[in-house]
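> What follows is a structure written as structure tokens; I'll ask about it next.
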Ligand code: CA
């Protein structure tokens with residue numbers, strides 16, 4: 001299980017990140033101060049650090065600079081989070097040794113994709129790129145989906161939808177939660193769009209006599225039925 005440390009003083013943001021990372025199977029720790037984070041990182045080094053720029057105690061930039069000077073953390077993957085979008089600040093952030101840079105407000109699916117990409121590069125052994133359930137196999141790296149060893153062709157939205165549902169098998173998501181998780185917070189899409197894409201995903205997945213792995217929960221939303229293979 002890859003370990004992620006979030007250093008962020010804005011609780012709504014750290015909670016949102018923690019929730020989404022845990023849903024993807026990461027082990028997450030949260031710290032609200034730069035100086036506390038420095039102490040934590042002396043005790044144990046995670047697989048990835050999500051680091052806010054403006055922090056009480058010690059700034060994210062200064063913490064990142066210090067981490068790069070210590071042998072134990074010089075190669076620790078760091079994604080900087082910041083409200084500053086100016087090009088000069090961006091360059092300053094990267095020049096202190098951050099591996100990537102995300103400007104708030106960010107899209108959660110995009111940030112998750114960057115976390116995966118960086119972890120795959122830095123520690124491929126801790127990141128599994130394949131999700132499996134029953135006869136369905138989804139490779140997050142190559143974006144390939146197979147069912148019963150046959151390739152299934154999905155559009156990009158259907159792929160992300162299936163990926164999202166498969167990361168939390170059994171859990172029922174409302175249309176609104178699916179919109180946030182798959183399309184992102186900052187995108188305005190009608191909730192009926194979710195139904196349209198679920199319909200397309202089903203059509204692609206359930207050719208012939210295959211069992212439907214997606215469960216419609218009346219009045220609630222949709223879930224990936226992790227029992228479907230045994231039914
Ligand atoms: Ca902050």
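Cβ coordinates come from backbone N, Cα and C, glycine included.
Just so you know, TrEMBL annotations never went through curation; they're auto-generated.
As annotated in TrEMBL:
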DNA_BIND  128-226  DNA-binding region
DOMAIN    3-119  domain 'Response regulatory'
DOMAIN    128-226  domain 'OmpR/PhoB-type'
MOD_RES   52  4-aspartylphosphate
> Give the sequence-ordered list of residues that share a chain with residue 52 (4-aspartylphosphate), lie 6 or more positions from it, and have CB atoms under 8 Å from its CB.
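Once residues fewer than 6 apart are set aside, residue 52 (4-aspartylphosphate) is near 7, 8, 9, 10, 13, 60, 80, 81, 82.
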> DSSP-wise, what's the residue breakdown of the domain 'Response regulatory' (3-119) into helix, strand and coil?
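DSSP classes over the domain 'Response regulatory' (3-119) add up to 57 helix, 24 strand, 36 coil.
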> Quick one: DSSP breakdown of the DNA-binding region (128-226) into helix, strand and coil?
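Helix, strand, coil within the DNA-binding region (128-226): 35 helix, 25 strand, 39 coil.
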> Give the mean pLDDT for the domain 'OmpR/PhoB-type' (128-226) on the 0 to 100 scale.
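Average per-residue pLDDT within the domain 'OmpR/PhoB-type' (128-226): 89.
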